[in-house]
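**Student:** Per TrEMBL, active site is recorded for A:Y114. Per TrEMBL, the feature active site, proton donor/acceptor maps to A:D155. For A:H256, the entry in TrEMBL reads active site, proton acceptor. For A:N7, A:E34, A:D155, A:N157, A:D255, A:H256, the entry in TrEMBL reads Mg(2+) binding site. For A:4-256, the entry in TrEMBL reads domain 'Endonuclease/exonuclease/phosphatase'. TrEMBL lists A:D226 with the feature site 'Important for catalytic activity'.
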Amino acid sequence: MRIATWNVNSVSARLPRLLAWLRAAEPDVLCLQEIKCDGEAFPSAEVGELGYEVAAYGAGRWNGVAVLSRVGLADVRQGLLDEPGFQDDGALVAATQPRALGATCAGVRVWSVYVPNGREIDHPHYAYKLRWLAALSETVTEELPGSGPLAVLGDFNIAPTDADVWDIAAYADSTHVTAAERAALDELAKTGLDEVYPRALKYDVPFTYWDYRQLAFPKNRGMRIDLVYGDPQFTSAVADSYVDREERKGKGGSDHAPVVVDLELAG
DNA sequence: ATGCCCTCCGCTGGAGGA
C-alpha cells in the first residue's frame, strides 16, 4: 500500500498537477493539506474518475485538509479531541479551523494534519500552535488502543532538528525550529509513534518545502516540515519512503513536495 | 536547466504562508 501526504497550496490551483501526480505516483491513500476551499467544493468528481473516494474538510480560502483513497474510506472524523480555535487579540471565541481529518483506509488509520504556522514567537498564533499540537497528541492517545496501523501525516510546520533547515542561522528567533515546538513533536512521539524518515532523491536532507522566492528550490534552501508519524504496526510495515522533489519543479507547482510511504502489510 | 512568490478574495491592495 502506498500512502502519501502533500500540502498542495490550493487544490483548485493545483488540480492539473494533482491529477497528473495521482496518475504517475498511484498512491492508494493521499493526505492533502491547504486545500483552501469548502469541503463541498473539493473536485471530488475529477479525482473520482481516477478511482478515489474523498473526505474533505475545508472552509473557504484558508487551511483545509482532505484524504483521498482508492482502497476504501471509513470512520471519517473531522477535527481533534478538545481542539482549540485560534483566539486572536480581542477575539473572545474563534471557530475551530479545518486542520485535522481522520479516516480509515483498508484498515490503516490515517490523520491528515495541517499544524498552525505560528507566525511569530510572540504572536497569539504561536501559542495556538502549541495548544493545537497538545490536542493532536490527546487525540492520538485516545485513538491508539486497538486502532490497528495508525499514522499522522501532514504539514507540521516544525523542523524536527537543526539539520532539517537549509541554514539554522537564517531561522534565529523564528518559529518552526524552537525548543517548545520540538518538545511538542516529542510529546506526540511519546504517545507511541515514531517518525518515518524519508529518502532524499537528491542532496542529503529530504526537504519537503522550498519558498517560492529567491530561487530557494534551485539553491536547495529548503525545510523538512512535512512529516509522517506512525505507530509500531505502521512503521514496522514501512518498506520505503521518499520525498518526491520532482513535483516541486516547473511552473504551477506547490511550494511543498509530496512525501511517499510504501507499506508491506501482512495479510 | 530546478530559475528569481503564490494563493485567495475581490478589486487596483491585503492577508497569510514559513
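Heads up, the Cβ atoms here are built off N, Cα and C, so glycines get one too.
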**Student:** What recorded positions in the list A:D155, A:D255, A:H256 lie within 10 angstroms of the residue listed as 'active site', counting C-alpha atoms?
**Tutor:** A:D155
**Student:** In whole Å, note down how far the CA of the residue listed as 'active site, proton acceptor' lies from the CA of A:E34 (Mg(2+) binding site).
**Tutor:** 11
**Student:** Can you tell which of the recorded positions A:N7, A:D155, A:N157, A:D226 lies nearest to the residue listed as 'active site, proton acceptor' in space, using Cα positions?
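**Tutor:** Comparing Cα positions, the closest of these recorded positions turns out to be A:N7.
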**Student:** Among the recorded positions A:E34, A:D155, A:D226, A:D255, which residue has its Cβ surrounded by the fewest other Cβ atoms within 10 Å?
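**Tutor:** Taking A:E34, A:D155, A:D226, A:D255 as the recorded positions, the minimal 10 Å Cβ count falls on A:D255.
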**Student:** Need the DSSP three-state call for A:D255 (Mg(2+) binding site) to compare against my parser.
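**Tutor:** Looking at the DSSP assignment, A:D255 (Mg(2+) binding site) belongs to neither helix nor strand, so coil.
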**Student:** For the C-alpha pair, I'd like the distance in angstrom between A:D255 (Mg(2+) binding site) and A:D226 (site 'Important for catalytic activity'), rounded off.
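**Tutor:** Here the two Cα atoms lie 12 Å apart.
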**Student:** If I take the Cα of A:D226 (site 'Important for catalytic activity') as reference, which of the recorded positions A:N7, A:D155, A:N157 has the closest Cα?
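**Tutor:** The smallest Cα gap between A:D226 (site 'Important for catalytic activity') and any of the recorded positions is with A:D155.
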**Student:** The domain 'Endonuclease/exonuclease/phosphatase' (A:4-256): mean pLDDT?
**Tutor:** 94
